[in-house]
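Pulled from Swiss-Prot, these are the features on record:
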- 14-34: transmembrane segment (TRANSMEM)
- 42-62: transmembrane segment (TRANSMEM)
- 79-99: transmembrane segment (TRANSMEM)
- 108-128: transmembrane segment (TRANSMEM)
- 132-152: transmembrane segment (TRANSMEM)
- 167-187: transmembrane segment (TRANSMEM)
- 206-226: transmembrane segment (TRANSMEM)
- 240-260: transmembrane segment (TRANSMEM)
- 276-296: transmembrane segment (TRANSMEM)
- 302-322: transmembrane segment (TRANSMEM)
- 330-350: transmembrane segment (TRANSMEM)
- 409-429: transmembrane segment (TRANSMEM)
């Protein structure tokens, strides 16, 4: 009988997707020990099998979610499944675009793959964590792996600088989270997020408000929201580009998953307070991210500030707190996965062929490399929210949900900053397409012959084609994707509380 109760409460099948990722970590480390030649051959295969198995197991869990696993410290509900699927896909595409880059930089492939999978493991666990301790362990697993990835190019001083900055700021964020968690535990006597929420309903004290601010600071750091964004441009510019691609989607998605869960369970009785703080963060992120991006000369720094602005758009859906708003937030993160990684695929390919990421060096690229020009143009147009791209429909759903919930200021700021973002996205496209041959940059004039047969480039080509195709076919895919996102929200029990509160307020 005791064994039966333990089995029921454990529900270990909830983390089968994470178990496959863990097996992938072990496998890549083992082949790495066998030598670089063996690792180059087998590490990608192990990663594909690991992530593919994880995605299949997530699909099987979709119709039969496992809740209350590991004695209440993990929930594999439909919302967690959706976010974990986005993270797994982002890892798969990030690895596809990284093999050639890693080989060309002379870094060990097996070791790199193991660290990326470790970050993925932490991010996926964070999506379903329902306990302060499991949240911290997941958060640190993701963070430590991210620090290692940022400084992976050991011979590049910019990479080392990026890792050090990321480590210092990330350590401060972790300390702030622990400080806030200690307040919550002291007030409730529990580490379970839902239990804490019940215990602090009748304790709207200064200490509880302080804990909310500390936890929100950690969330803002993970999603790179202003004013907790200072690390983002420098880390993005100095880190290896495939690492930046992963951090811009995987880490951000995990941060939003954590935000939705803790705000709608632990701080459900502080609905007005956290929505006000989130509104301020969203406005600052959309405004500063898109305005400062105008002045950037590096493609990676431009995309860094763009990602700050994109986080602000997602926050519109979360602040609305309605069924449509939360569904739109999930949909936009799924869309962001493809359009952002598609853009990074083009940036990596251009960097591999030229060694540059300066925006001016893209001048006249259409004449030498039409594929990169077309792919990057479509992805940038989608990020800007122009029809008929996937990003347009994602923003439409977010703005409609925000307007229906009377978040007029957020929607107006979102519309204005979207127009600003379109300007700097189209400036890059214009530079690539409109320039005459004699106006092309020196790097484009000496552009190397295109050869897709080089080892590591075929996977990058697959990733590029996939991302661009999904981004361009947004009009066809937006409705089924929104239905999936809507199902993830409607069939997640804990979200009904925050939706009910939002409906009562409206």
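Heads up, the Cβ atoms here are built off N, Cα and C, so glycines get one too.
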Distant-in-sequence neighbours of the transmembrane segment (409-429), which means Cβ under 8 A and at least six residues beyond its ends: 279, 282-283, 286-287, 289-291, 293-294, 296, 299, 302, 306, 309, 312-313, 315-316, 319, 359, 362, 376-377, 380-381, 383-386, 395, 398-399, 402-403
Stretch contact, the transmembrane segment (132-152) with the transmembrane segment (240-260), Cβ-Cβ under 8 Å, 3+ pairs: yes
Winner by Cβ pairs under 8 Å against the transmembrane segment (330-350), considering only 42-62, 108-128, 167-187, 240-260: 240-260
Residue numbers, six or more beyond the limits of the transmembrane segment (276-296), whose CB comes under 8 Å of its CB atoms: 212-213, 216, 220, 224-227, 229, 263, 302, 305-313, 315-316, 318-319, 359, 407, 409-410, 413-414, 417-418, 420-421, 423-424
Contact call for the transmembrane segment (240-260) against the transmembrane segment (79-99), three or more Cβ pairs under 8 Å: yes
Long-range neighbours of the transmembrane segment (42-62), counting only residues six or more past its ends (CB under 8 A): 14, 16-18, 20-21, 23-25, 27-28, 31-32, 76, 78, 81, 84-85, 88-89, 91-92, 95, 99, 109-110, 113, 116-117, 120, 124, 459
Close approaches to the transmembrane segment (79-99) from elsewhere in its chain (Cβ under 8 angstroms; 6 or more beyond its ends): 17, 21, 44, 47-48, 51-52, 54-55, 58-59, 61-62, 65, 109, 112-113, 116-117, 119-120, 123-124, 127-128, 240, 242-243, 245-246, 249-250, 253-254, 256-257, 260-261, 330, 333-334, 337, 341, 344-345, 348, 456, 459-460, 462-464, 466-467, 484-485, 488-489, 492, 495
